[in-house]
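This report refers to the structure that appears directly beneath it.
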């Protein structure tokens, strides 16, 4: 199975998954990485690590629809079987979703369906969890659909929220489980293929 990636910034999950493939901890092939941010750290990391990388955005392709068409074309040309979002900060377009139904995964820094949807990313999520007085949070790997953070849940990891947690400490706890959770979800999917 060939896995490709969408990332906007550091792409820490993509890096962890690529490293797992390269060290035979995940039985898959590396496809391509697409970023919508020409200044992203992941773009340079890919160049330094011999990963095929493409910068595709509404700016490079004169609009969201053209960028969406370009993304699905690059993914198909790379013979991609599965797409992993790694901090990808754009909604996946309809052309890409049509070509890859239930083949695009995302990780969200909360226990969906709570604290998901438009505007719920990064520290906004952790602030909302703390403001709601939740006793637990975590991360969720789910399939990407047309509705943000509403796709079927694949796997979750629960972490305790302590009374003295701050946004920063909660972020660190959630981030510390994300790479392992993503790898575990991918291993489960690969077993079923």
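Numbers run from 1 along the shown chain.
Cβ coordinates come from backbone N, Cα and C, glycine included.
Automatic prediction, not curation, is the source of TrEMBL annotations.
The model shown is predicted, which means the values in this text are computed figures rather than measured ones.
If you look up TrEMBL, you'll see 1-186 marked as domain 'Formyl transferase N-terminal'.
Taken from TrEMBL, the feature (6R)-10-formyltetrahydrofolate binding site applies to 62, 106. DSSP gives residue 62 ((6R)-10-formyltetrahydrofolate binding site) a coil state; it is part of no helix or strand.
When secondary structure is read from DSSP and collapsed to three states, residue 108 (active site, proton donor) falls in the strand class. Summarising the annotation, TrEMBL assigns active site, proton donor to 108.
Under the three-state DSSP scheme, residue 149 (site 'Raises pKa of active site His') falls in the coil class. According to TrEMBL, the feature site 'Raises pKa of active site His' maps to 149.
Here the domain 'Formyl transferase N-terminal' (1-186) has a mean pLDDT of 97 out of 100.
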